[in-house]
Each structure stands twice: as C-alpha cells, then as structure tokens.
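Novice: Reproduced below are the annotations present in TrEMBL:
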type	residues	note
DOMAIN	3-80	domain 'Threonine synthase N-terminal'
MOD_RES	LYS112	N6-(pyridoxal phosphate)lysine
Amino acid sequence: MDYISTRGEAPALGFSDALLAGLARDGGLYVPRQWPQFSRKEIRAMRGQSYQEIAFRVILPFAKGQIGAEALRQMINEAYATFRHPAITPLVQSGPNAFVLELFHGPTLAFKDVAMQLIARLMDHVLAERNERATIVGATSGDTGGAAIDAFAGRDRTDIFILFPEGRVSPVQQRQMTTSTASNVHALAIKGNFDDCQDMVKAMFNHTSFRENVRLSGVNSINWARIMAQIVYYFTAAISLGAPDRKVSFTVPTGNFGDVFAGYCAKRMGLPIDKLVVATNENDILARTMRTGRYEMRGVTATTSPSMDIQISSNFERLLFDANDRDAGSVRQAMAGLKQSGAFDIAAPALKAIRKEFRAGRASERQVKATIHDVQAETGYVLDPHTAVGVFVANKMMKPSAPMVTLATAHPAKFPAAVKQACGIDPALPAWLSDLMQREERFSVLPNEQEKVESHILTHTRAAP
C-alpha cells in the first residue's frame with residue numbers, strides 16, 4: 001500500500017515514510033492510494049473477536065510490506081494494555097436504538113489515546129529499524145497534547161514539543177501536558193489561539209531546512225496513522241450492533257474532521273454505515289459548509305467544548321480530495337482560495353457526493369448545557385460537553401431503521417466546571433489520576449512567532465545535528 005498527497009505534487013510514500021512525514025512536502029495530506037476492502041464474510045468473521053484482534057485485521061492492509069505482522073500485533077497489544085476497560089472502547093446503551101461509544105478509557109481520558117498509544121509505538125519501531133531520531137511537533141486545542149505526551153514520554157528515539165494556546169485549554173488538559181517528568185517532553189504555551197498554533201506547526205513543516213535539520217514529524221490528525229487507528233472502533237461498534245447484516249449510523253462531535261473522516265474510511269472499506277453525522281458547537285464551519293457548499297472562516301468563539309473551537313478543519317481536505325474523484329488540482333485551488341481569502345466554494349458534484357455520505361448539525365451553548373442536565377436527570381449518565389454536542393445532534397437525526405451511536409470523546413472529569421454548571425455534579429477524576437492537579441507543572445511560554453519557537457525547538461531536541 002502506498003500513500004499519495006491530496007495536493008498531488010509530493011512523491012508517493014510507503015507506510016513507514018508517510019508515518020514519519022506527517023504532512024506531505026506540497027502541504028497536502030497523505031491518503032492511501034486505494035481503500036482496502038473487507039467482504040461481508042470477513043466482517044462477520046470479526047464477531048466475538050477482541051478489540052485488539054479486530055484492530056490487527058483492520059490495520060494490517062495499511063501497513064503490509066512495511067511492518068511485520070507479528071511486530072504489528074505486539075504493538076497493538078502493548079498500546080491497548082494502557083486502557084482501563086477490557087473492551088477498550090465499550091458501547092453503552094443510552095436509549096431505545098441509541099448508544100454511546102466510550103472512547104475515554106485510555107491514560108489521558110480522551111479518544112486521542114486510541115490512536116496516540118499506537119502511533120508512538122509504530123514510530124519508535126520504524127526509527128529503531130532505521131537507527132534514526134525524530135522531533136515530534138504538534139498543536140493542540142486540548143486533548144491531543146496530553147495524549148501525545150503520555151504516549152511519547154520516555155521514548156528513546158523521539159523528542160516531543162506540543163504547542164497549546166495559553167489560557168485556552170481546561171486546567172485538567174493543561175496539567176496532562178505540563179506535569180510529565182520525562183526529559184524528552186516539552187510543553188509550549190503560545191500567546192495565541194489554537195488556529196495560530198496549528199498554522200505555526202504547518203509552517204514549520206513547510207520550512208524545509210528546519211524540517212530536515214530537526215527531522216520533523218507530526219502526530220496531529222494530519223498524520224494518516226491517526227485516522228487509520230480510529231477506523232478500528234467504527235468496526236468494533238458496528239459489529240457489536242449486528243454489522244454487516246444491519247446498518248449503523250454514527251454521530252461524531254468534531255472540529256478538525258479527523259474522527260468522523262475515520263468513519264468515512266470505514267464505510268469505504270466495506271463497513272455498512274448508514275449515516276455519518278457531523279456535530280459541531282457554535283463554531284459551526286462544518287455544518288455551514290454542508291448546508292451552503294461554501295467553506296468560509298469566521299472568528300472563533302470560546303465555548304465549553306474547547307477541542308471543537310476551530311475554524312480550519314484540516315482533515316476536510318482529505319474528504320474534498322475523495323469527493324472530487326481524487327482530483328488534486330481542485331484541492332490545490334480550494335486550499336489556495338482558503339489561504340488567500342479565507343473561503344472556497346465546493347463544486348456541485350463534490351458537494352452532492354459529500355451530502356450523500358454526511359449529515360450535519362450544531363448545538364448552541366444553551367443546548368449543550370440542557371443536554372448534560374437532561375441526560376443526567378433522566379438516566380444518571382454524565383456527559384462531557386463535547387459528547388453532549390454529539391448527543392444533542394444525534395437526537396435530532398435518529399431514524400428507527402438504524403441504531404445511532406454517538407462517540408463519547410472525553411471523560412466528564414476533564415471539563416468539571418462546565419459539567420458542574422450544567423447538572424450540579426462535580427465529576428471526579430479516576431483514582432489513578434486523583435493527584436493530577438497537585439503535580440508540579442513544567443512548561444515554556446513563547447510568543448506567537450515561528451522563528452522564536454523554531455529556535456527553542458532547535459536548542460532542545462536531540463535530533464538536531
């Protein structure tokens with residue numbers, strides 16, 4: 001399997017090179033040249049298998065020829081041994097034909113752990129085989145940073161630098177990034193918002209001399225391996241609800257479009273998904289785009305679901321590429337428009353293809369608060385604000401013909417203030433994290449200036465010559 005750029009001007013790469021590259025040299029994102037296919041018979045054969053076994057079967061075709069089968073199996077087993085639930089991502093019934101897929105049983109209580117724990121092991125494996133080092137740089141609106149730091153802490157072959165917007169992540173999210181004692185971990189608070197952090201990371205990847213000097217690599221959802229690992233839980237959830245003999249719908253709280261794009265990939269691979277519903281908060285660029293056909297940036301509004309306070313949904317580019325029949329020229333044109341004027345229009349055939357696969361809805365702050373309150377009052381189940389966005393939209397989109405699964409992306413204890421304000425309950429951190437807020441912090445505050453951040457990284461990475 002090789003990987004091609006959505007912008008068509010970078011060389012095709014094998015799995016290991018795409019894993020380490022993150023972003024393509026032309027600024028595009030890597031996607032597999034073709035989608036592996038699973039027959040109904042193969043999907044049926046996954047029934048009753050463990051999460052780890054299904055992960056092995058789903059991921060193997062993407063890495064075949066580059067990562068040995070036994071090595072892959074071992075890395076999958078090690079990655080998910082860090083989770084605190086035997087099912088890894090358990091399904092909980094929340095109503096008639098309604099389910100919540102709990103993705104928060106990993107070390108940092110967020111869905112990002114599912115991919116990050118595996119990516120760290122895959123990268124270490126590839127770097128060790130090549131006797132190389134790498135510098136990981138990522139931007140976070142909250143959960144990615146903590147998950148990446150936990151997964152890469154203490155790894156021999158990588159140094160990790162996570163940029164987060166100063167004062168714009170929750171106290172729990174910040175502590176998960178700033179309390180690591182590992183010497184290869186560097187948390188950087190940037191004086192700006194998440195889009196500033198993400199733009200800076202992209203600019204570093206496009207700064208060729210710096211990129212080569214520090215052997216830059218990325219773990220944001222621009223990295224294909226992040227999406228690949230997330231495809232697995234769509235398979236496990238759908239299979240446990242009767243796939244392939246029954247269609248299942250999914251609602252996904254999303255800002256960067258990576259998590260819901262993994263669902264689209266699963267569908268392209270043969271999993272019978274009925275509808276993929278994109279749920280946004282008041283920063284509703286994705287819902288607006290699907291309604292109007294115009295992707296247009298506006299200012300970011302701070303909400304109680306900060307991981308979705310985004311206007312540039314990086315992974316939407318991957319969908320655009322597929323919806324335009326993989327015409328890289330049309331993607332380049334759209335991205336140039338976005339850079340120049342903050343907007344682009346989606347061609348009618350591509351928009352039709354997108355609307356065939358996706359529905360979209362938004363939840364206001366008032367609706368999120370009411371959803372947390374009502375679900376807790378009626379069932380005793382406590383939702384975090386991001387999952388509440390999903391549940392609100394899912395309730396509007398449900399059909400009796402297919403079960404609806406809402407992805408629960410974070411543990412409510414990551415957002416205690418918002419949860420307490422909504423339903424009066426102060427969600428406690430699990431016992432094994434109960435001292436998190438007392439741990440000593442270690443981080444650097446830097447201006448929103450690429451040159452200064454690059455200089456800081458050059459000084460601290462072991463990968464620089």
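Every residue, even glycine, has its Cβ placed from backbone N, Cα and C.
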Novice: Do you know the DSSP helix, strand and coil residue counts for the domain 'Threonine synthase N-terminal' (3-80)?
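Specialist: Helix, strand, coil within the domain 'Threonine synthase N-terminal' (3-80): 37 helix, 10 strand, 31 coil.
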Novice: Given a separation of at least six residues and a C-beta threshold under 8 Å, show me what packs close to the residue listed as 'N6-(pyridoxal phosphate)lysine' in the same chain.
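Specialist: Within the chain, the residue listed as 'N6-(pyridoxal phosphate)lysine' has Cβ neighbours under 8 Å at GLY106, ASP143, THR144, GLY146, ALA147, ALA148.
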Novice: For the domain 'Threonine synthase N-terminal' (3-80), what is the mean per-residue pLDDT, to the nearest integer?
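Specialist: Residues in the domain 'Threonine synthase N-terminal' (3-80) carry a mean pLDDT of 97 in this prediction.
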